[in-house]
Ligand SMILES: Nc1ncnc2c1ncn2[C@@H]1O[C@H](COP(=O)(O)OP(=O)(O)O)[C@@H](O)[C@H]1O
Ligand SMILES: [Mg+2]
């Protein structure tokens, strides 16, 4: 497939080479076909995981680390694709993931289907430009249709929000605990949401996710504050304090060890004692400076030595040492405190406030919970689960669900899932296609078919007959009142998805459609791939890998 870099010959027949040695080039139909094949391959990789009855993937990296997941973005990430067109698709899908968290697989599979249908048209001699413009027109109709169909959702519709969270969770391994998790998700998002003007705004960075393997998913809990994965440093310290005034210290409360080997000569035992006392006093002086502010809690990023520990214990102070920097930053945000690195400068203004701080047992370990902080928008979700891999997958599922609920609160519009919208759009497109006419009409119809393929894949993954069910669903949609009918993937028949509670943010579907159309048209527009040769540094090991693009980042 790698042709030479020759673009012209002189009248004498001498080839003129304008590219660097080792470059390769594919162009024309060959390039289009190669890119289409790559996009289809990515789709194939995700297809079987699509929908609530999709399968999971086990991904093993080069070090042997195993990830078990159903999360589209994670699968694409771990697959580490090399083909340039495949990479392009992944980039677009990831853009989708950042924008709306959920819907990654919808985007990738849909663009795979669009490209597949385009391939058929290419065989029928429809020019890519015509296909692209037909797809663009169809996209407009699709987005328009979603807008017309969408129902408004308010932040107070707790029940609806829970259904939306559950729909997002239903395709993940945690589906068994989805009611419980959905409840936490909705509570968390509504807690951090704030009204700006007449729009709701959600900053998910306010929600900390803390993971601890052990227990079961149903031990996962929402904490109205921050969880620090450390224990109270000294047994003599209180384990629970109300009205905590918290000093956040990024300095060590230990005797400074000299950087270089130093020798201290002491001739008489009393001198020795004096020296030790002096050291102790220095530490106590530091601690006193902190306590003078009125602090009764110290969270320290560095060490706290034994002298300081027992001194603090005597004063009834609760202290934690070697807290993570990120924990300190979170605590600062939550409690309204400031992280102090120079103890000489600490003052009362630097202290944070929380109504309760308590060390609690979580499984085998102890963790410190800081609750009722000054900023009520700082909250945490503590994820539990039998296996570490399950805990990780729960985190991914949780993040998707948080994103989904945040989307719908921000945007205020929802639609029914389970294929309802896809079928409704396809119906509209088939009515619209004759208006477009010409060969473009074929592209509009192809777009409708690609949308329906999404539904077929959902049905196939559930083990039912896609042809039969799709026919039934189409005819159900002939009736205007049945716009929310999709496929019940457990019973294998058309049902009203809204009533069934399979509900999604309009934004997720809209973004997936936009991302998929963008990726597909981008790929179709490319008819020339010029790849630089491998960077020097030895012979090229894999001759087939010549079209791997060189990347600077
Ligand atoms: N209980 C359900 N019944 C039918 N369809 C569902 C159900 N739950 C989710 N879906 C559908 O599954 C699709 C999402 O599948 P998913 O694997 O989560 O992919 P994505 O990465 O695109 O979110 C959507 O079309 C959604 O409507
Ligand atoms: Mg999903």
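Each position is counted from 1, following the chain as shown.
For all residues, glycine too, the Cβ spot is worked out from N, Cα and C.
Pulled from TrEMBL, these are the features on record:
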- 50, 51, 103, 106, 171, 418, 509: ADP binding site (BINDING)
- 51, 103, 104, 105, 106, 172, 418, 489, 504, 509: ATP binding site (BINDING)
- 102: Mg(2+) binding site (BINDING)
- 533-553: region 'Disordered' (REGION)
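Here the Cβ of residue 51 (ADP binding site) has 26 other Cβ atoms within 10 Å, regardless of which shown protein chain they belong to.
In the three-state DSSP reading, the residue listed as 'Mg(2+) binding site' counts as coil. Neighbour list (residue 418 (ADP binding site), Cβ cut-off 8 Å, at least 6 residues apart, same chain): 458, 486, 487, 488, 489, 495, 497, 500, 502. Cβ neighbour count for residue 104 (ATP binding site): 27 (other Cβ atoms within 10 Å of its Cβ, all protein chains included). Taken in sequence order, the binding-site residues 102, 171, 504 that lie near ligand 2, meaning a CB under 6 Å from one of its atoms, are 102, 171.
Residue 418 (ADP binding site) falls within neither a helix nor a strand when secondary structure is assigned with DSSP, and so counts as coil.
In terms of local Cβ density within 10 Å, 102 ranks first among the binding-site residues 102, 504. In this structure the residues listed as binding ATP are 51, 103, 104, 105, 106, 172, 418, 489, 504, 509; their two most distant Cα atoms lie 20 Å apart. Cβ atoms within 8 Å of the centroid of the Cβ atoms of 50, 51, 103, 106, 171, 418, 509 (the ADP site) belong to the same-chain residues 105, 417, 454, 458, 504, site residues excluded.
Within 10 Å (C-alpha to C-alpha) of residue 102 (Mg(2+) binding site) lie the following binding-site residues from 50, 51, 171, 509: 509.
For residue 504 (ATP binding site), the nearest neighbour among the listed binding-site residues (50, 51, 103, 106, 171), judged by C-alpha distance, is 103.
For the recorded site, residue 504 (ATP binding site), the DSSP three-state label reads strand. Here residue 103 (ADP binding site) comes close to 96, 508, 509, 511, 512: these same-chain residues lie at least six apart in sequence, with C-beta atoms under 8 angstroms from its C-beta.
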